[in-house]
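Beneath this line is the structure, given in structure tokens, with notes to follow.
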Amino acid sequence: MSALSRYDRHCDSINSDYGDSVRSCGPEQEELHYIPIRVLGHGAYGEATLYRRTEDDSLVVWKEVGLARLSEKERRDALNEIVILSLLQHDNIIAYYNHFMDSNTLLIELEYCNGGNLFDKIVRQKEQLFPEEMVIWYLFQIVSAVSCIHRAGILHRDIKTLNIFLTKANLIKLGDYGLAKQLNSEFSMAETCVGTLYYMSPELCQGVKYSFKSDIWAVGCVLYELLTLTRTFDATNPLNLCVKIVQGNWAMELDNSVYSQELIDVVRVCLQQDPEKRPTADEILERPLLSRRRDMEEQVSLLNKSNKRPRPGTVNEAPVAVVTSRSSEVYVWGGGKSTPQKLDVFKGGCRARQVCAGDAHFSVVTVEKELYTWVNMQGGSKLHGQLGHGDRASYRQPKHVEKLQGKSVQQVSCGGDFTVCITDEGQLYSFGSDYYGCLGVGQSLGSEVLEPILVDFFLNEPIEQVSCGDSHVMVLTRSKCVYSWGCGEYGRLGLDSEDDVCTPQKVEVQRGLCIVSVSCGSDGSFLLTQSGKVLACGLNEHNKLGLNQCTAGIINHEAYREVPYTTSLTLAKQLSFYKVRSISPGKTHTAAIDERGRLLTFGSNKCGQLGVGDYRKHLGINLLGGPLGGKQVIRVSCGDEFTIAATDGK
């Protein structure tokens with residue numbers, strides 16, 4: 001099917017929706033739930049708002065276009081963006097996920113880029129020029145996106161730094177296709193004068209026909225800005241600006257003492273006055289300057305893996321969007337605070353998506369995947385760099401970990417006096433005390449590390465999940481392998497020994513078992529399998545690992561056999577009656593949730609932490625009823641001698 005026929009098919013599909021209200025959700029139609037985070041900005045046709053999709057915890061943008069107040073042409077432009085985006089699938093192009101009509105409002109669900117746009121990136125540079133390697137990296141991605149849209153027969157017509165978006169990993173995404181136009185062939189010409197004046201080609205300024213080469217001119221303007229941090233053409237009024245563009249009077253000359261002549265030549269050839277002398281996007285990609293093209297393609301693909309999300313095959317299959325106003329605020333109490341206190345730092349785009357606590361410090365990952373840390377010091381305990389701010393100061397208010405700027409933090413876990421986090425790319429960073437080797441770098445940087453360091457052991461083995469105990473660490477890789485390191489006392493590392501290890505060691509798991517999560521307690525560890533079985537290792541004091549065996553009624557056998565500790569992964573047989581969905585170890589007890597949302601507790605009950613209504617010793621697994629009877633438990637966490645559980649509220 002040709003690009004043009006696909007375009008016509010999508011046009012018919014979009015127009016058939018026009019004016020309809022939200023489609024009703026049929027018995028087999030999927031519902032997707034969204035929570036609003038913050039308004040990102042206002043455009044020519046409407047408003048863009050950041051949402052969190054609860055099903056996969058991803059961030060997306062919903063572009064809201066009020067059609068009632070638009071002219072017929074403006075309506076066509078707004079609808080045109082969906083048509084164009086639905087045709088394009090490329091790692092350097094903003095992804096389209098879904099759309100629907102709600103009365104006279106058109107809503108488009110798009111990929112979110114957490115690094116802002118290229119215009120702001122250039123402004124933040126101030127007078128610090130970009131390294132040539134970075135400019136080439138940006139150029140390759142921009143031209144790759146342009147090549148894709150041109151091959152689809154689409155002319156963008158509004159390429160500019162404001163429409164080039166970035167992720168924190170410096171991945172480029174070309175967006176805003178409201179002014180794009182479909183041409184029948186590479187030789188077709190457009191006539192309408194559209195676009196942003198600073199990036200308009202001479203042929204656009206002169207009002208003559210233009211083609212794909214007009215986009216190449218805009219690419220040249222963007223590249224010029226990357227090299228000089230100034231606009232290519234500037235003037236006090238639009239008329240003078242057009243004159244300068246037509247005459248080719250650049251704002252300043254390019255300095256070949258800073259950048260290679262080869263890179264400067266790309267600017268010159270893109271800004272040729274005669275469109276026929278400008279290269280195509282594919283010709284730019286073939287230039288020797290981009291000889292590392294294959295390596296860069298692989299890097300783009302790798303960086304995109306964490307953002308990949310399938311989109312509906314047809315409009316009729318599109319899921320229904322359900323928006324809720326649920327907020328995520330952070331409260332702290334304990335350690336001298338008897339009532340919960342809200343932390344005002346975490347609101348808007350800085351709302352929390354994950355909270356974690358160590359012995360004396362806290363960590364929060366926000367919805368925009370930034371890491372904040374702070375302390376709750378009692379008695380002036382010494383810090384060891386576990387906050388990651390480059391010093392040992394006691395920051396009592398949440399502070400952004402600047403060293404991780406530009407990294408999208410996916411998850412964090414706090415040890416006793418250290419912190420470990422993973423990024424969207426599966427990279428592992430650690431900081432704080434390395435007394436037991438918990439930072440995973442072979443204790444090569446001393447006993448304390450004050451800023452996040454990359455654990456390069458996992459550069460070729462991306463991490464899916466991390467969990468820290470008081471003095472040990474376990475991770476689950478994306479290939480479902482388990483590694484552990486740190487203090488080995490009582491066999492908590494699952495390595496069949498009690499030795500301490502300061503570099504990641506692979507934990508042998510019985511063949512045929514697929515591990516889906518790891519959870520570290522103070523001196524033990526749990527592994528959860530896909531089938532809901534639980535494996536454990538470490539100290540089993542008070543039966544907090546659930547390893548003790550009760551065999552009452554069996555002749556010539558002990559009714560109850562205690563397992564003090566185990567150095568290798570052992571099946572928690574008492575939990576085998578349940579299909580466990582999640583598990584939370586505390587200092588002296590453990591809580592788990594099964595697939596039916598029921599809460600299970602086991603271990604010490606000295607302070608009533610098992611929730612069974614008394615303080616007596618309980619040998620086995622406790623299935624809690626009482627106030628939790630009939631309720632779906634969705635979260636549980638164990639402290640030293642207390643338990644907190646959350647239900648679904650129904």
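Using the three backbone atoms N, Cα and C, a Cβ is placed for every residue, glycine included.
Taken straight from TrEMBL:
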- 34-290: domain 'Protein kinase' (DOMAIN)
- 369-425: repeat 'RCC1' (REPEAT)
- 426-479: repeat 'RCC1' (REPEAT)
- 480-531: repeat 'RCC1' (REPEAT)
- 532-596: repeat 'RCC1' (REPEAT)
- 597-649: repeat 'RCC1' (REPEAT)
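Using DSSP to sort the residues of the repeat 'RCC1' (532-596) gives these counts of helix, strand and coil: 6 helix, 29 strand, 30 coil. In the repeat 'RCC1' (597-649), the DSSP tally of helix, strand and coil residues is 3 helix, 18 strand, 32 coil. Secondary structure of the repeat 'RCC1' (480-531), assigned with DSSP and counted as helix (H, G, I), strand (E, B) and coil, comes to 3 helix, 24 strand, 25 coil.
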